[in-house]
Amino acid sequence: MTTASSSASQLQQRLPEEKPWPQLSGSNADAQTFKCKYVTNHNSLGDGNFSVVKECMNIHTKDLYAMKLIKKQTVKNKIQLIQREFDLLRSISEKIRDMEKKNEHSLDIFEGHHHILQLFDYFETADNIVLITQLCQKGDLYEKIVENQCLDLETQVTSYCACLVSVLEFLHSQGIVHRDLKAENVLFRLRVNENEKNLQGEHHGDFKYDLLAHDLVLADFGLAAEYNTSKVNSLKEFVGTISYIAPEIVKCKGVGEMTPDQVGKLDKYGCPVDIWALGVLTYFMAFGYTPFDCTTDDETLECISKCDYYVDEQMMHDPKYEQFWNFVQCCFTIDPAVRRSAKNLKQHPFIKDYFATSNSLNTKDTPNFSFHPTIRRVSSTASMHTLRSPSKSRKTTTLAYLNMDGGSSETSTAFSSKMDLPDLYVDRTINSRERSLNRIRDTLKKTLSMTSLKPAGTFDYLHANKNGTSLSSSKSGLVKKNSTFVLDPKPPKNSLMNGCFSTTPESRSNFNTPKTLSRQGSSTSVKKYVNEVDLLLTPRTASMSSNDTTAINDYDTTNDKNPARKHAASFQVNVDDSDGDETMQI
């Protein structure tokens, strides 16, 4: 026994340690390498300083996806952010798959785990880190709001808000804080593969709402963090989008210049920051402008700290908006310990109809939403609120990366385009929104953002137990009404890259006749598969909206009606640059 145990111990010592993905090696001699199993369209869906997103086809399954190629050369000091995003997406995808396998469903209209961007595959090349995700429509929630000036309160704002509440409830139940919930990160599913369903055209319940709410997908987990497993200081970072950040994040401003003792005195924030951002987004959907934005970033941050947001006098006294104002008040609570949770908000009168089943099972825990006082103004040094849609355009931004464990920091500067739009300045004494909107002047100030399945998914309403979960198997032919979520069975391993190193990173195809490949090096990758590619596919356009100022999700989309405009802002983030340049082949 001793000899055997000793031999096993020696063998274990000789075995190479499993290296975390990505390897970040140009040669990667120790890792198994494969030729790329995807072909991409010639045109990119969007590109930016750090990454390019393209539509791609898996040459084995012929399904269409979005391929995000993150440039190693530009993210070398931020690789841990990409690793964090990848780890979270993979963990969430596995959890979703497990829930669908166990048929864990409720009878509510929205299931939170059905509305999160799905990660399908991932791999590394000499130049890029590549993520394969689901394909989404061109145009995000931001563009939808701006094109329509605002959304309909009763059919769109309530349903979109309810869907996002279900998403946050799921994420928070898994201990995950998103930290960058905003309109640009809310996408719409694009159903392009054979097994994906179309809306049935029927409403669930006895009230009408926009069925596109079933297509909502929350994306960009570049800033997301696990509340219970993150480093002690990772949730003391000044990160996010200025228009959407909560007061507890504002307190972290300048954390990069703080001493370890000062950092230690900061309170760790958590899931309530997403609830605050939800309030901002709900307000933005209803009015077409954000509640706290002022002339300068400092004024905006002061208004956030004091919960001083613009309230239109006419809208405030409109009975139609009564529950809306109460809902955003629940979100705009300065003390995060008192701020409502996503689970509580499901029972709020503003959106409770979308969760009638689960709410009926939790009547004893129904919170009281009637205690809030009348909305009041808070005096601050900011004399003007800026009524505007938060701009998607970008400006020169200084990014400070903070190594909070080591007490050191470094800064770098990212340059991007600038687009000017009119500002809407509103004096606090004006009583009419319409009068305020006539006072257009100056230039839109920029705000910051840091960043960036198939058969199954069935649910039997007829065999649900008293807890609202299904007792039937996934073989039932019934599906959740109007839900457009589908979960792929695990694809065959030979059709995936699964984190390997690819010798041919990008095989391009025009997805059409004739069969053309953009470069000779790529043609060798798909030579034996090229006859399998469906040459009848026509080019499609889609987009995964995100931001161009980070190493995670950075690209733009434009259309004729609304040129793409991205957020911009200054931020500090905890990054351990332990990999070093020597591990990267640039």
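The backbone N, Cα and C atoms fix where each Cβ goes, and this holds for glycine too.
What Swiss-Prot lists as region 'Disordered' is 1-26 (among others).
Here the domain 'Protein kinase' (39-351) returns a mean pLDDT of 88 for the predicted model. Under the heading domain 'Protein kinase', Swiss-Prot lists 39-351.
There are 29 other Cβ atoms within 10 Å of the Cβ belonging to Val53 (ATP binding site). DSSP assigns Val53 (ATP binding site) to a strand in the three-state reduction. Taken from Swiss-Prot, the feature ATP binding site covers Leu45, Gly46, Asp47, Gly48, Asn49, Phe50, Ser51, Val52, Val53, Lys68, and the record attributes it to sequence analysis.
Residues or ranges marked as active site, proton acceptor by Swiss-Prot on the basis of sequence analysis: Asp180.
Per Swiss-Prot, region 'Disordered' is recorded for 503-524 (among others).
In the three-state DSSP reading, Thr504 (phosphothreonine) counts as strand. A sphere of 10 angstroms centred on the C-beta of Thr504 (phosphothreonine) encloses 18 other C-beta atoms. According to Swiss-Prot, the feature phosphothreonine maps to Thr504 (among others), an assignment based on a large-scale study or a structure entry.
For Ser509 (among others), the entry in Swiss-Prot reads phosphoserine, with the evidence type a large-scale study or a structure entry.
Here Swiss-Prot flags Ser518 (among others) as phosphoserine.
Under the heading phosphothreonine, Swiss-Prot lists Thr538 (among others).
According to Swiss-Prot, the phosphoserine annotation covers Ser578 (among others), on the basis of a large-scale study or a structure entry.
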Return the count of C-beta atoms lying within 10 angstroms of the C-beta of Leu45 (ATP binding site), excluding that atom itself.
26
Collapsed DSSP category at Asp180 (active site, proton acceptor)
coil
Expressed in Å to no decimal places, the gap between the Cα atoms of Ser51 (ATP binding site) and Asp180 (active site, proton acceptor) is 19
Would you identify which of the recorded positions Ser51, Asp180 has the most other C-beta atoms lying within 10 angstroms of its C-beta?
Asp180
Nearest of the recorded positions to Thr504 (phosphothreonine) by CA-CA distance, picking from Leu45, Val53, Asp180?
Val53
At the level of the C-alpha atoms, what whole-angstrom distance separates Val53 (ATP binding site) and Asp180 (active site, proton acceptor)?
20
Rounded to the nearest angstrom, how far is the Cα of Leu45 (ATP binding site) from the Cα of Asp180 (active site, proton acceptor)?
22
